[in-house]
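As recorded in TrEMBL:
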- 1-32: signal peptide (SIGNAL)
- 36-155: domain 'Bulb-type lectin' (DOMAIN)
- 287-323: domain 'EGF-like' (DOMAIN)
- 343-423: domain 'Apple' (DOMAIN)
- 438-462: transmembrane segment (TRANSMEM)
- 495-770: domain 'Protein kinase' (DOMAIN)
Amino acid sequence: MEESKGAAPRGMFFMSLLFALTVIIQLKFSSAAEGGDTLSLGSSLSKNQTLISKNGTFELGFFNPNGTNKWYVGIWYARLSDKTVVWVANRNTPIKNAPGVLTLSTDGTLGLFDAEREQVWSINDTAKASVATISDSGNFVMFSAENKSEIVWQSFEHPVDTWLPGMKIGKGQPLISWKNSMDPAPGAFSFLMDPTGAEQFVLLWNGLVQYWGSGIWEGKIFSNIPELTLNNIFDIRKENSSSGVYFSYANKQGENLRSRFALESTGGIGLYGLIEGNRWNLVWTQPRDQCAVYNLCGDYGTCNSNNLQFCSCLPGFKPRDSQAWEAQEWWSSGCVRQTPLSCNARNGSSDGFLPFTSISSPANRAYSYPSPTQQECEEVCRRNCSCTGFKYAPADCQIWTENLLNMRNSKSINDSSFFIRMAASELRGSSSSSRKTIIIGAVLGTIAAFVVVLVIFGLLLLRRRQRLRSTQRCVDSSNPLLKRFTYKELKIATKNFQDRLGGGEFFSVYKGVLADKTPVAVKRIKNCMNAEKHFQTEMTTVGMLKHENLIGIQGFCSEKSESLLVFDYMPNGSLDSFLFDESKSKYKVLDWKTRFGIALGMAKGIAFLHQKCIVHCDIKPENILLDANFCPKVAGFGLAKVAGRNFRPDLTSIRGTRGYLAPEWMSGLPITAKADVYSFGMTLLELIAGRRNADLSIESSSMFFPTWAANEMKRGNSLYLGEDEHVSWTGNAEVDEIRRATVVGGWCVQESEEARPSMWQVIKILEGTMDPHTPQALRLLLDRGGKDLH
């Protein structure tokens, strides 16, 4: 009994000692992992601990995207303010609510455990490791316990959505997009070597549908994207091994340039560069047309690359995830019906069909039926409750029985009507509204005609007064902070309108000085048929908008028949006087740095207008004003229109100036922001060349500047910036700016509006954060020039 009593204390002592030793060992190993680049046998990594590569470029640890309650182990660039994750271990199995522990156990296996010590991720490899290290290339590597230099596992062989320099991509190693910016789970898009065995990279939707290909490898380039290596910065390499073909790439500038290929959650592949800074610049991207991404907008969504927001839901549908759509990052979640269908319902509530004429046919499978009439085709779809839409062409009826995918919305699509199945209540609401509109219109029309017959002369006078009052109300409501001047004040300020600065068809501009000594430009609208419309348009645009590259407005005057606008005075006048008025020799003042600054400022001003859904309609050098520092201000808003109202011109409503008008003005097609892009392109090319875009005073071979510029670029000759100056295309820092500006100018003047870039793309190209895709732009320029010169 005594021995038994003595054994108990001794047992408790040894148990306590063993526990203490275990804790000490764990603490020792844990602290060894903290702040270093290596995870040793028996050590762990928890929430506030990370591994950092020796040169400090990459960091491995726990993260939760945008503060969500889901935790992941990942690798990201260290010391960047905006965390850029390049690899995720447990993308399919996040740890919820609290981060877990990453452990390299004493038997050489790597595992991730949650707070309850349940394993959520591990490396399935029979070989055992001795250490796991984060390298300077961003590769997380495990080395063999038996051979310290042998790699038993590495993250480079298990990519997520990012391709880093030195990483080999081969068959069976796809990049798969994140679901969205807050969810690393596998998304719908993948970038991989062609599954058919061809030596090219492809982009796939759901691993099935190809929507882009790099073209076949030709030794140094891929055939469809030669521009990727033209800048001599990146080197793509092909490697053959016993296990297959691999491609990798390297930075020719070494550590001076950090780069990554990233597959975006919206389906595009982009190359980003980080040069001596902490912000990523987009160097190259494909596909260039965002709507070329298969099913970008998801079920019942339509894509339009001309809109600021590419995706929209069909009428009667709403975004499945409205927050993601507003953030413009996960459109592929698609749209859902606002009102459920009620197939075969009684009491007249059966479903109906809504026609669309500017939408491409869905990409998913359609079933064909012989049908002599549209009514019979509709009946086939109506009887099938799975039918979601139909399309009819003579003797051919096609019906769709699944959620509709991959539809494009464009005014240039002139296909036979496509009919989408809608709930009866949606159709009744639409038809009821139409009937009400017709009745109201008929009543008002009858009353208006009766009044006109009775009081024609009195009505004209009344309309005139009402217009003036409407103008004043419009001005007051558009910006109540604008000062209302009296006509007498402005007459004194301009010394009875003596110093005329310029003018146009509807107005004259005079220099003035206000009572507080502020110099101004007073725009006096002429008393003619379109004067009031011009005045109201300018007030409701300039009066509402404030931007560094838009002309500022001080106030207005609207008294009796006088309509005047008071603008900031621009001492350097308009751009055209510097480019074309040789008698003043002003053009010699504009060196390349000044010209390029003007080009970029113009682009930012126009892009801001487009962001506010305003189409300027008259971009030209005469409407680009320059302040004392040659900062450009977009002016001349008298012809501006609000976008999105299906504005379709006719021969009596063409707006703008000959030489700057986009082709759609003459063809009667709807006008969008791309009309301004065309006018900007012409103005930009004139800014580069210092002459009109179509100068009849010079030989015909160089009369059309875009063609001449393309030919000179192709030959490698110098590009002249004025009569006496030229800048070589090689050998100095300005050359790349000239090349980018000229190429983007040519891209802007394409005949098809869909072939032109957006103004935001223009800005990115001019700033050097997006590649202008020179070969394609040159080809388009030369094709366009051939049409113009023959």
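Quick reminder: no glycine exception, Cβ is built from N, Cα and C everywhere.
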How many helix, strand and coil residues does the domain 'Apple' (343-423) contain under DSSP?
10 helix, 28 strand, 43 coil
Please spell out the DSSP helix, strand and coil residue counts for the domain 'Bulb-type lectin' (36-155).
4 helix, 54 strand, 62 coil
Averaged across the domain 'EGF-like' (287-323), what pLDDT does the model get? Just tell me the whole number, please.
87
